[in-house]
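Everything on this sheet refers to the single structure shown next.
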Amino acid sequence: MATSEEPSTDASIICYAPSMITTNGVWQGDNPLDFSLPLFVLQLTLVVVVTRFFVFILKPFRQPRVISEILGGIVLGPSVLGRSTKFAHTIFPQRSVMVLETMANVGLLYFLFLVGVEMDIMVVRKTGKRALTIAIGGMVLPFLIGAAFSFSMHRSEDHLGQGTYILFLGVALSVTAFPVLARILAELKLINTEIGRISMSAALVNDMFAWILLALAIALAESDKTSFASLWVMISSAVFIAVCVFVVRPGIAWIIRKTPEGENFSEFHICLILTGVMISGFITDAIGTHSVFGAFVFGLVIPNGPLGLTLIEKLEDFVSGLLLPLFFAISGLKTNIAAIQGPATWLTLFLVIFLACAGKVIGTVIVAFFHGMPVREGITLGLLLNTKGLVEMIVLNVGKDQKVLDDETFATMVLVALVMTGVITPIVTILYKPVKKSVSYKRRTIQQTKPDSELRVLVCVHTPRNVPTIINLLEASHPTKRSPICIYVLHLVELTGRASAMLIVHNTRKSGRPALNRTQAQSDHIINAFENYEQHAAFVAVQPLTAISPYSTMHEDVCSLAEDKRVSFIIIPFHKQQTVDGGMESTNPAYRLVNQNLLENSPCSVGILVDRGLNGATRLNSNTVSLQVAVLFFGGPDDREALAYAWRMAQHPGITLTVLRFIHDEDEADTASTRATNDSDLKIPKMDHRKQRQLDDDYINLFRAENAEYESIVYIEKLVSNGEETVAAVRSMDSSHDLFIVGRGEGMSSPLTAGLTDWSECPELGAIGDLLASSDFAATVSVLVVQQYVGSWAQEDDMDFPESPVHSHETKVTYGLENPR
């Protein structure tokens, strides 16, 4: 037990009871908090809960998770809750700090190992002169400012020299946190911009310099007894790095070669590597460098590829979500804001924040100016490089442990890191607004696209499972020399707190290097599939892209890209997939949110693809494509857009198209679509329904006239009285087709679909689309639900209908009129 529960000083003596680890239980009269294990479990739970609370509170402000973790530590420490003596002595007694700090450092050890695994040294080598000079320019001035302030903050009675103090403050102020910066860039949707790429590359270079300076600072701090100790520390560190590069790396490469491709690595090899992390930490700690340095270097020598991916997947969530917050909690327990006393000290704090931030901005602006960048972009770049995070906290904690930094300086620098990182997102949001070019183009629908012009399609993909059906659908879209297809493939990646998801920005696929993480591996698989399609198909151009966003705002990236690229049609997968027994199950409910938001905000037409086996019906070779396609036409702009797309597909020699138009058999007035009852909830303008009926008739007549000679195109009119007869008619043809193309029918109400919406599970598909996609539908038929761009409706009145596409084969059209009664 502890003989002293006062705040730690050099004279404190803490006594431990080694056998008091687990309790006999409260029924035996034991207090669980007197024993190490239950106390640690309570502390860990409290740290995670408080940290997650701040993550939830700060999420609307788009703050990185490191802010929440530092705030959680400060709240639990002597600055807030720790001011209560009872709380401090009960929850965080000094006798428990050793266990807590040991576990925190174990978590830190493995986290830095993962950072090393994910970091690609080749990217640093290929950053270019601009990123390198920007990184150096952004480090020099803050380092000099830290050195200048060290003279006023360093106490003459401290046992360590001024040089060591300068080094610690300089490193703390000049570093940039690469993982935190990646998160901020993704939140601000700058990660794929030029300024995002430059700042990420500069941050990587900065990170490498920071590790070198950190090793030097630790060596100087831990070797004050003899002047040659620092030299031996540096030599030993160099030898350790050489052993890792020339001995450990080849050994791990041998393990990778011995493991057959596609098979899992053995448990023995994984445990061997995880043990190697601890051994590396022990060695570097023993030679006078911090243990995290050894873990980081050990991670760097792990070859990129499946082994690195396996290690990341096994460790990252546990280490980042559970153990790493302990490190920030320890930092918070060491942070006593009350130690910052007097107006002069607070003035120094604000001066350090302002001048350090200004120094990095000025240094970056000067270098950026010489590279021809606008001043506003240089300022934004400088602000982004002010991001602080884990490396700075390591520097500060080492400085505190080595008595280089006193309580006042430590608390000051923690607040500096907190404020400098916290203000970046709002300031950059206000200051830097990328110039959005006003894009004005008329061909926002397939119906408006001329048959002799390029069709631009944006394909959204969540997982590789979406790829085969989409590729087959695109091949069926019949790209020709006269009307080629330009495909923008957008891999949609959720923005998470995991660093590995961020590193996809530095995709090294083109250099032939393997994927760094599962996200990049999936992206590579998707892109390779589409590029393979491009190579084997004629008149197709593919451009792969990646969007990293929260699902709540992912549609903004899709809409922005569609407008920038002047896209006419967006294809996005349905949120449900087919199961083995033929049913439909949801893969990720967030996909549905993306689809709904996209339908509401899209700048062009949208198609939601329900995949129920289309991938088994076609091949990449256009000569072997064979599809039976059906269009169910009820009327309205969405149905006309569906027919326009099917019309294009019908020109493919392997496509047979059936157009089934449903007509009410009582009164022509009833066939006109009427407004839905909830007018206020609909986004579409009030339409002249007779005009819409006229547009339907005109387009159908044009379609029939242009295709009268082609027997692969069948047109049928079916008279029905109500929704029940409509369902019966649809079910009668479900087994003879591979793909249904239907309009969503947004804002339209018809007696032909009366009652169908009452049982609708997915309103975003419309009444007919929901029926076809439901698990109750007998056949495994894929469905494409089309919504025409809203703004095109007003233009249709004055629009000439497009010429019919050029046909390459002579066939004959079949007409029919059916009454089911």
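The backbone N, Cα and C atoms fix where each Cβ goes, and this holds for glycine too.
What Swiss-Prot lists as region 'Disordered' is 800-821.
Positions annotated as transmembrane segment by Swiss-Prot, on the basis of sequence analysis: 37-57 (among others). Beyond its flanks by at least six residues, the transmembrane segment (37-57) meets 21-23, 65, 67-69, 71-73, 75-76, 91-93, 96, 99-100, 103, 321-322, 325-326, 328-329 of its own chain at Cβ-Cβ distances under 8 Å.
Under the heading transmembrane segment, Swiss-Prot lists 65-82 (among others).
Per Swiss-Prot, the feature transmembrane segment maps to 97-117 (among others); the stated evidence is sequence analysis.
Swiss-Prot lists 131-151 (among others) with the feature transmembrane segment.
Non-local neighbours of the transmembrane segment (166-186) in the same chain are 62, 64-66, 115, 119, 135, 138-140, 142-147, 149-150, 153, 196, 199-200, 202-204, 206-207, 210, 213-214, 216-217, 220-221, 352, 356, 359-360, 384-392, 395-396, 398-399, 404-405, 409, 413, 416-417, 421, 424-425, 428, 495, 497, 499, 502-503, 505, 548-549; each lies 6+ residues outside the stretch with a CB under 8 Å from one of its CB atoms. Annotated transmembrane segment per Swiss-Prot: 166-186 (among others), in sequence order.
Beyond its flanks by at least six residues, the transmembrane segment (200-220) meets 119, 123-124, 127-128, 131-132, 134-136, 138-139, 163-164, 167-168, 170-171, 174-178, 181-182, 185, 191, 229-230, 233-234, 237, 288-290, 293, 296, 381, 385, 387, 391, 394-395, 398-399, 402, 505-506 of its own chain at Cβ-Cβ distances under 8 Å. Under the heading transmembrane segment, Swiss-Prot lists 200-220 (among others).
Here Swiss-Prot flags 268-288 (among others) as transmembrane segment.
Marked as transmembrane segment by Swiss-Prot on the basis of sequence analysis: 292-312 (among others). Nonlocal intrachain contacts for the transmembrane segment (292-312), taken as residues 6+ away from its ends with a CB within less than 8 angstroms of a stretch CB, comprise 105, 108-110, 112-121, 211, 214-215, 218, 237, 240-241, 244-245, 248-249, 252-253, 255-256, 259, 264-265, 270, 273-274, 276-277, 280-285, 394, 500, 508, 513-518, 521.
Residues 7, 43-44, 47-48, 51, 66, 69-70, 72-79, 82-83, 92, 97, 100-101, 103-108, 110-111, 114, 393, 396-397, 400, 407, 410-411, 414-415, 497-499 of the same chain, all 6+ positions outside the transmembrane segment (318-338), place their C-beta atoms under 8 angstroms from a C-beta of that stretch. Annotation comment: Swiss-Prot describes 318-338 (among others) as transmembrane segment, evidence class sequence analysis.
Residues annotated as transmembrane segment in Swiss-Prot, with sequence analysis given as evidence: 350-370 (among others).
Long-range Cβ contacts of the transmembrane segment (378-398) within its own chain (Cβ-Cβ under 8 Å, at least 6 residues beyond either end) map to 64, 66, 70, 108, 111-112, 134-135, 138, 168, 171-172, 175-181, 184-185, 195, 198-199, 202-203, 206-207, 210-211, 214, 217-218, 221, 290, 292, 327-328, 330-331, 334, 356-357, 360-365, 367-369, 404-405, 410, 413-414, 416-418, 420-421, 424, 427-428, 431-432. If you look up Swiss-Prot, you'll see 378-398 (among others) marked as transmembrane segment.
The feature transmembrane segment is assigned by Swiss-Prot to 410-430 (among others), with sequence analysis given as support. Same-chain residues lying 6+ beyond the ends of the transmembrane segment (410-430) with a Cβ under 8 Å from its Cβ atoms: 61-64, 66-67, 70-71, 74, 79, 153, 169, 172-173, 177, 180, 184, 187-188, 190, 331, 334-337, 339-340, 345, 348-349, 352-353, 356-357, 380, 383-384, 386-389, 392-393, 396, 399-400.
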Item to complete: For the transmembrane segment (268-288) and the transmembrane segment (97-117), decide whether they are in contact, meaning at least 3 CB pairs lie under 8 A, counting pairs 6 or more apart in sequence.
Response: yes
Worksheet item: Which of 65-82, 97-117, 131-151 has the most Cβ pairs closer than 8 Å to the transmembrane segment (350-370)?
Response: 131-151
Fill in: Positions on the same chain near the transmembrane segment (97-117), where near means CB under 8 A and six or more residues out
8, 14, 16, 36, 39-40, 43-44, 179, 274, 277-278, 281, 291-292, 295-302, 308, 311-312, 315-316, 319-320, 322-324, 326-327, 329-330, 333, 390, 394, 499-500, 516
Worksheet entry | Surrounding residues of the transmembrane segment (131-151) on its own chain - C-beta under 8 Å, 6+ positions past either end | 162, 165-166, 169-176, 198, 201-203, 205-206, 209, 348, 351-352, 355-356, 359-360, 362-364, 366-368, 370-371, 381-382, 385
